[in-house]
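Trainee: Can you keep this structure in mind? I'll have questions shortly.
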């Protein structure tokens, strides 16, 4: 029996955004400015946490790791997207596509679990304040971050292997601005139903499980906050959780929609918007959310820059 003649794809074409000649420069400028602010914002938070001893606490340790992850996965996609906006050549080699897919997944999955770890940190700080420093030791914080990283490495490997084991024989045009799994799978010359099931199952371990853990923890946190007698104390306790709840919602909800729905239900334009939201917008807003109303970060900035000679 003669096997079908499939020629392997050696490179992909990233279609990116469907724009007119007048719109492209505006979009390029917007993304360039946004990416610059992402680097400045997340880089500044990371530097402040490293330099100011007052920020050497478990909460700021996790925020620093979050900023590093945001820098990593935006750098994996945005520079290439900017280059393709101003260039006629929009190709990416098969090997680079696989590498981009894997690195992005590693960092994204690690961040998803980091959010769950950060909720545990908030629970212990609010519900067990006297034992907080003892429980959240540097060893435990480091171990939890290593767990998040290892889970990201393993889960991303499964995602990538199942996606790239399929034959790709043409067409080679990816209707996306980077090599994301759902967009690449649409080009496979084989049935992707198994991949849909694998992605859905893995979605539980990398999105739904940490999201469910966050939900359960915050229910307990809110119960504990309601037991606080003073209104000022309740407001202060809730304000420490509001930032975390906001960034979790911005990141996890779009990612869950993207990776846990069947490929047949996906719309390329909707996928691009979702990817922009949890890849670029969340990384841009995270430093603002965590620092705009944070007196510790503002004090550290004034101290490090020398604008404030004395710290209270």
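Cβ atoms here come from the backbone N, Cα and C positions, even for glycine.
Predicted automatically and left uncurated, TrEMBL annotations should be read as such.
What TrEMBL records for this protein is below:
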{"type": "TRANSMEM", "residues": "26-51", "note": "transmembrane segment"}
{"type": "DOMAIN", "residues": "41-290", "note": "domain 'G-protein coupled receptors family 1 profile'"}
{"type": "TRANSMEM", "residues": "58-78", "note": "transmembrane segment"}
{"type": "TRANSMEM", "residues": "98-118", "note": "transmembrane segment"}
{"type": "TRANSMEM", "residues": "139-162", "note": "transmembrane segment"}
{"type": "TRANSMEM", "residues": "200-225", "note": "transmembrane segment"}
{"type": "TRANSMEM", "residues": "237-260", "note": "transmembrane segment"}
{"type": "TRANSMEM", "residues": "275-292", "note": "transmembrane segment"}
Trainee: Do we see three or more Cβ pairs under 8 Å linking the transmembrane segment (58-78) and the transmembrane segment (275-292), pairs being at least 6 apart in sequence?
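Mentor: Contact between the transmembrane segment (58-78) and the transmembrane segment (275-292): present.
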Trainee: Select the range from 98-118, 139-162, 275-292 that forms the most Cβ-Cβ pairs under 8 Å with the transmembrane segment (26-51).
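Mentor: The stretch with the most contacts is 275-292.
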Trainee: Kindly state the mean pLDDT of the domain 'G-protein coupled receptors family 1 profile' (41-290) in the predicted structure.
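Mentor: For the domain 'G-protein coupled receptors family 1 profile' (41-290), the model's average pLDDT rounds to 86.
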Trainee: Which sequence-distant residues neighbour the transmembrane segment (139-162)? Criterion: at least 6 residues beyond either end, Cβ under 8 Å.
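Mentor: 58, 61-62, 65, 98, 101-102, 105-111, 113-114, 117, 120, 181, 194-195, 198-199, 202, 205-206.
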